[in-house]
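K.L.:
One structure coming up, written as structure tokens, with questions to follow.
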Amino acid sequence: MNDQVERPVYMDHAATTFMKPEVVAAMVPYLSEYFGNPSSLYRFSREPREGIEAARRQVAVAIGATPQEIFFTAGGTEADNWAIKGVALANRARGNHIVTSAIEHHAVLHTCEWLEKQGFSVTYLPVDGFGRVDPGDVEAAITDATILVSVMTANNEIGTVQPVAEIGRVAHDHGVLFHTDAVQAIGAVPIDVDVMNVDLLSLSGHKFYGPKGTGALYIRRGTRIETLIHGGGQEQRRRAGTENVPGIVGLGRAIELATADIAGHNRRIAAMRDRLVRGVLDAIPDARLNGHPTERLANNANFSFRYVEGESILLLLDGRGIAASTGSACSSGSLDPSHVLLAIGLSHEEAHGSLRLTLGDANTEDDVDYILEVLPEVIGRLRDISPLTPPSPGAPEAE
Amino acid sequence: MYTDRVIEEFTNPQNVGELTDADGFGEVGSPSCGDIMRIYLKIEDDRITDARFRTFGCAAAIASSSVATRMILGMTLSEAWSLSNAEVLDALGGLPEPKVHCSLLAPDAIRVAINDYRVRRGLEPWERKSCSWGGDCASCPKKS
């Protein structure tokens with residue numbers, strides 16, 4: 001195996017993306033000559049301030065909002081924390097109940113769990129076998145005390161896209177605010193906050209070829225929300241701290257690029273992804289695709305391979321230059337495998353044997369070919385070691 | 001996160017397989033926990049003359065299975081019985097802290113297999129301590 005070809009193939013774009021050269025180029029002046037504090041009055045502040053406002057317009061255009069409704073944060077996690085804690089604290093006189101789903105990112109789930117300790121009550125809605133939330137379940141969960149519904153636009157592990165517009169309508173029919181974590185969806189799902197009935201939306205720069213440590217929260221005008229980060233008067237006095245100017249400028253350029261041609265981008269990526277999925281399922285027995293057959297992010301493939309464990313798969317793939325991800329507990333340091341895979345009804349064993357491949361803009365058909373060559377070998381080697389592997393039907397005595 | 005030693009042992013594990021005429025067999029773990037080890041021992045004159053394993057689990061579990069089966073070759077049963085988790089860890093050059101518990105699998109499986117051999121021979125099984133950690137209690141991976 002050591003003398004075999006090895007080539008670097010990055011297929012973990014749901015974890016993070018590289019920065020596009022255009023994004024880096026847009027940021028460079030703000031890392032050097034345009035260093036001024038945007039809040040100051042002198043001329044050194046003008047370019048940084050204009051850079052931030054241009055980025056705000058770019059984000060607003062990308063999601064159908066107005067620039068005054070865009071607030072920059074230090075990432076998707078902060079945006080989720082702000083949306084949920086901010087709405088909970090500002091509306092506690094009206095009620096203490098939040099509705100969310102069992103498959104949210106930990107930035108949402110752990111925030112909700114913290115709020116439970118503060119006296120809030122949270123309903124974690126189940127999902128179907130494909131990972132979809134039923135808007136009818138949202139409606140049934142809403143009570144007089146409900147102040148917020150938070151359901152992600154698309155799931156980071158299995159790629160399932162939620163019926164966000166319907167869920168938003170249900171929330172609004174009951175006078176409840178609706179937040180969506182769109183961190184994985186930007187550039188893959190067309191977003192219009194009005195059409196989708198969204199009051200708050202979280203996004204993160206490094207998931208769409210922008211810089212890490214950057215994000216934004218969309219807050220519909222008139223939404224009652226507390227401030228999370230107190231200090232100076234930045235971001236309309238709602239999010240303190242001197243702005244990450246180069247990061248914000250990079251995020252703006254990145255979202256502009258990512259949303260310029262979503263349909264074309266999805267066609268190209270989905271064609272490669274579909275060939276990958278077919279190839280893997282054809283070549284490897286006792287494998288399944290996790291998530292929805294059609295309502296899923298164009299770049300997401302999530303498999304379970306029986307009889308083997310995900311961290312072992314990742315390490316053998318890494319040995320051949322391939323970067324991927326797993327929902328196995330062994331890769332996370334916790335005892336339980338992915339909450340998302342368990343929520344769609346997988347057994348622990350199936351969840352331990354999961355592999356996520358998420359494609360991106362630099363992947364090629366050659367990358368798909370290489371994975372289709374290496375992955376069956378890797379699974380085969382681990383199955384040769386595993387005590388769970390059933391004897392193959394072509395065993396020697398049968399021949 | 002893993003040392004090169006662990007990656008090497010995991011990538012090229014030794015003694016993978018089964019012994020159809022094994023004198024002792026042991027299985028520990030469960031699929032829901034994410035790891036299972038089966039071990040097969042060939043025993044002659046109170047010494048282990050062959051050992052094979054099959055393991056479902058992470059790289060740490062597979063690497064410690066491989067290294068432990070090599071370590072016990074040629075050992076007497078009482079020597080193999082006292083193989084500690086800490087010795088397996090040493091042979092691997094250490095494991096990342098969250099992975100240390102994975103290396104408990106191999107010494108446990110070896111003890112189960114030794115007792116299987118003893119029972120088959122009509123001997124009393126040796127008493128398994130509830131703890132197979134060979135280091136001091138302060139460094140026990142199960143303490144946390």
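Any Cβ shown, glycine's included, is placed from N, Cα and C.
Just so you know, TrEMBL annotations are computer predictions that nobody has curated.
Per TrEMBL, the features are:
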- A:Cys330: active site, cysteine persulfide intermediate (ACT_SITE)
- A:Gly76, A:Thr77, A:Asn156, A:Gln184, A:Ser204, A:Gly205, A:His206, A:Thr242: pyridoxal 5'-phosphate binding site (BINDING)
- A:Cys330: [2Fe-2S] cluster binding site (BINDING)
- A:9-370: domain 'Aminotransferase class V' (DOMAIN)
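Tell me about the setting of these features in this model.
P.N.:
A:Thr242 (pyridoxal 5'-phosphate binding site) is surrounded by 12 other CB atoms, counting those within 10 A of its CB over all protein chains shown.
On the 0 to 100 pLDDT scale, the domain 'Aminotransferase class V' (A:9-370) averages 97 in the predicted structure.
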K.L.:
Validating a neighbour-count step here. Other CB atoms within 10 A of the CB of A:Gly205 (pyridoxal 5'-phosphate binding site): how many?
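P.N.:
There are 35 of them.
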K.L.:
I'd like the Cβ neighbour count for A:Thr77 (pyridoxal 5'-phosphate binding site), meaning other Cβ atoms within 10 Å of its Cβ, all protein chains included.
P.N.:
20
K.L.:
Find the longest CA to CA distance in the recorded pyridoxal 5'-phosphate-binding set A:Gly76, A:Thr77, A:Asn156, A:Gln184, A:Ser204, A:Gly205, A:His206, A:Thr242; express it in Å as a whole number.
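P.N.:
Maximum Cα-Cα distance: 30 Å.
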K.L.:
Are there any residues at least 6 positions away along the chain from A:Gln184 (pyridoxal 5'-phosphate binding site) with a Cβ closer than 8 Å to its Cβ? List them or say none.
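P.N.:
In sequence order, the residues whose Cβ lies under 8 Å from that of A:Gln184 (pyridoxal 5'-phosphate binding site) (at least 6 apart) are A:Ala14, A:Met152, A:Thr153, A:Ala154, A:Asn155, A:Asn156, A:Gly159, A:Lys207, A:Leu297.
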K.L.:
Which residues of the same chain, at least 6 positions away in sequence, have a Cβ lying under 8 Å from the Cβ of A:Gly76 (pyridoxal 5'-phosphate binding site)?
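P.N.:
Same-chain residues close to A:Gly76 (pyridoxal 5'-phosphate binding site) (Cβ under 8 Å, separated by 6 or more) are A:His105, A:Ala107, A:Asp181, A:Val183, A:Ser202, A:Leu203, A:Ser204, A:Lys207, A:Gly215.
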